[in-house]
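What TrEMBL records for this protein:
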{"type": "DOMAIN", "residues": "8-96", "note": "domain 'Ig-like'"}
{"type": "DOMAIN", "residues": "114-201", "note": "domain 'Ig-like'"}
{"type": "REGION", "residues": "211-230", "note": "region 'Disordered'"}
{"type": "DOMAIN", "residues": "227-313", "note": "domain 'Ig-like'"}
{"type": "DOMAIN", "residues": "324-408", "note": "domain 'Ig-like'"}
{"type": "DOMAIN", "residues": "503-602", "note": "domain 'Fibronectin type-III'"}
{"type": "DOMAIN", "residues": "683-777", "note": "domain 'Ig-like'"}
{"type": "DOMAIN", "residues": "838-917", "note": "domain 'Ig-like'"}
Amino acid sequence: MEGFGGAPRFLAYPRAFTVRSGTDAVLSCQITGDPRPSILWEKDKTPIEPSGRFHVEAKGDLYSLLVSRATPQDSGLYVCKAKNSVGATYAAATLKVEAGEPQEEEGCSGGEAPAFLVAPSSTRVCRGEDVMFTCRVSGQPCPVLEWEKDGHKLSDIFESSHFAVGQEPEDWHFLKLFSARPPDGGVYVCRARSGSREALAAAVLLVEPQVPPDGLPNGSPADGPEPPVERQRRAKAFAVSVGKHAKFRCYVTGKPKPEIIWQKDGEALAPGRRHLIYEDREGYFILKVLYCKPQDQGLYVCTASNTAGQTLSAVQLQVKEHRLRFQVQLTDVEVAEREDAVLECQVPLETIPTAWYLEDRELQPSHKYVMEEQGVVRRLTIRDARTDDDGIYLCQMKDKGRSIAEVSVRGVIAKRLPRKLDVMEGENAVFCVETQEVVEGTCWSRDGLQLRESPHIVLKSFGRTHLLVLVHVTRQDAGIISFAVGESQTSSQLRVKCVKRDPPSAPVAAEMSVAESNAALLTWCPAPDAHLRPPSRYLLERREAVGGEWVQCLATDLPGRVRVLGDSVPREADYCFRICAANEHGRSSPVEFPGSVHLGEGAEPGTPTWKLGLPRGQPGCRATALSPAVLQPRQLAWRGVCRTHGCGMVRTRGSPWSCRLRCTAPGSSTVPAAVSRVPVLSPALSLAEAPVRIISSNEEAPHAYAAGQRVELWCQLSRPAAPVRWYKDGEEVEAGENLVLEQEGPWRRLVLPCARPQDAGEFVCDAGGDSVFYTITVAGGHDLREVLVGLTVLLECQVSPPDAPVRWLKDGEAVVPTEVLAIHSEGCSRRLHIPALPRGSPHAYVVGQHVKLWCQLSHPAAPVRWYKDGEEVEAGESLVLEQEGPWRRLVLPCARLQDTGEFICDARDASVSYHISVAGWWHNRDALGRAALPWLCAMVSPALLPALSIAEEGVWLHHPGAGGCPPPAMLGWHCMPAAPALKQLLPLCTGVRGCSICAAPRRQGYR
């Protein structure tokens, strides 16, 4: 269900609290809005700049302000302001920082790690009762305790009046919940921190719900409860096929945390074998209906309520059955443990293959599962049924309908474990089993090894309810979790998913400055999302500009800039540099600094110079080896030239010297006049810019689109003003309504506002010396739609702007409005109204007529199966199956009487049916009203027989043959007045063999 849009809105407000001096303080809130709002924090009406001890963080719609090592001067009123183009809002909270160090309490001994002397105990209460968790902790320095529920801080999920945390003498600590509510149930963890060491203990709380009376309480706690706010207020329609899952999501906020009740057609739903009810990691309340049956169709309502009010959202579920259904469906079965369970159903045809499933696992014939087929009967026998055989079973016809039944196994265990449980690393894994009666001697195990109580393992039984909680699971906790009592056992596979930890994003704004001789100043900025994936260091790499390999030359944890000197390179050459960000999870893609720099070990520093880029084959500056006898005067002469013209003189490891000139404009040339007086070569210098490179692009991103989708191809150049050319399939593209070319700084973009199938192909962005390729695929935007015969069809779309022209096409031809085929335009809405067609009219044929049935699929490569009256057809001379791209056709070259029936094209999740009727031939020369009229030929539909008996002035058209195909020109002619009939038939039948009208005498002036 969809979220809010518009002005910013606080879903959770920052909370006032008190901290001790020297500790960190975090003010956090949750804000939504569309467009995404900008956030500003203020202290005592002064904006806070993120720097030093103040750090601002944003994760999704959660925003926080961190005050590190808070001091009493940080006390004050903090305001969070949110603003977007629609509106603005703000919220305030008070922070108080107390001076002084925490007092040491009696019982804290020196040098001890924190430890729980008494851990909190699991408990079960009724709704409305108070709950008290107590524990006793030791450690030195005296530990600081924090409580959390299901991985969340209590202040994030509870209003301040709902709980209290405190400390009592002798190191006793407590957490108290007032008037427990069902959502308070869960796993509570107490963390004890002392310096860098910590200990934890966990306890489970169960809150038994009570059926509320009609109506909801309207109390108003002192701290002002917030009524629940549900993000979707409109009812929607949702359809699934039989045997598929239906998942409903509802996002609700409010304080106190709302209680959620799911209902179907006015009756409350409880968690069960086919109904899963839970809250996911994103805060959505989920109802999942597994393996839907036709009786699951109905109106589902999510009701959220707290002491401030209630809200609800409704969804209408439709369950679609397959056209080919079971004659007799499976029925639910209940057996005692160790008995055999038998499931039986009937398919429509003996030849239809079937498969059996236990939920999502296909069953294979074995001693455990006996599968029988007797005619149309399909039977599954589950021998020696145990607790884990309890579940949902399906019998499925291959690529067709499904039949579903539930098998209940009565035994000691009333509620078994789920077959598998997926938990993220660091979360809590909770397993719950219910027994028929209160039992003793239960055993929990993992991979056959018995589990025992520990700080990370909670074992608790409440009467018939038995719990196992694995606190903050790791990958080592994965395995088969089993619960056993006596000879009964149930198992579950625990799968621990690792939290995906991404490496940092690449740095941005990489620039190289070579204003200083024989040195390079490299600068960059951290990625915009560096606060979400902070890098721990930056890695700098270098390579020679010609033929070199990248080598790491520096690692630094200080972002911003680094100075590379000439004596840091192994030899004098032109060097390129690139940088990447790294942390313990990997490194980002490297970003290359534009340009290159000439560095050498013996070069003279301090003179501002530029490296000259000289294209191959053009004259350039050359170095001349000088002997010691002539070195000094030449050196002085070069230095004079350098002083006059701003050049730099560099010596390599040997004796050669070279002169560098200040870079002027690209393409210009200069020859210092002073050089001519020196007996050294003085060539003309031709300056050229470094070649343009493509720094980054979305070339590697998937470029598969659907028709109508927006396509954006982009790349970043090393030089902002460089031109590029875009090509498609080797031809340069032109900008227009369907293709937009954009340029913004170093960024170049090609945008297809509305992708079309003909836009598929290879696009190239050519920057001269570098290019990037994009392979685009555009899937057709047409879906196979099924409409019942006799119903009207309304096709509707929305356009923008409202006055945009629209054309309706059918089979590629424009639709022309008629009295019955209406086209409507209203604002942004465009509608095409197709009237109801009489049953059978689209596919009524006569013997010998050409029949073509076709459909178009949304996926060109998808397979289909054709059936006639429930049996799959086979291609042959009288029936041809064709496939061309997304099109599928069934062709009858010459229709026969036995072709009458229902044809079905089945594309797995969708199908379409065609009702075909084929009429026969009638021969009766005596029906002619006048003997002088010539014998004529054509075919007659049975529907026209009554009209022929009174058509004395007309012509009975008759073919002399029997059972053959009629001449194509005669199709569709039946009975009409004689003169018009002959005038129209003569030109059509000329030259057609076997047609008596061609050889008949011409009478009464008919031509």
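A Cβ is built for glycine as well, from the same backbone N, Cα and C atoms used for every other residue.
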Using Cβ distances below 8 Å and needing 3 or more such pairs, separated by at least 6 in sequence, tell me whether the domain 'Ig-like' (838-917) contacts the domain 'Ig-like' (324-408). yes
The domain 'Ig-like' (114-201) - residue tally per DSSP class, helix then strand then coil: 10 helix, 50 strand, 28 coil
The domain 'Ig-like' (8-96) [mean pLDDT, rounded to integer]: 84
For the domain 'Ig-like' (838-917), what does DSSP give as the number of helix, strand and coil residues? 6 helix, 39 strand, 35 coil
With DSSP, how much of the domain 'Ig-like' (324-408) is helix, how much strand and how much coil, in residues? 3 helix, 44 strand, 38 coil
Could you put numbers on the helix, strand and coil content of the domain 'Ig-like' (683-777), residue by residue per DSSP? 3 helix, 47 strand, 45 coil
Could you tell me how many residues in the domain 'Fibronectin type-III' (503-602) are helical, how many are strand and how many are coil under DSSP? 3 helix, 50 strand, 47 coil
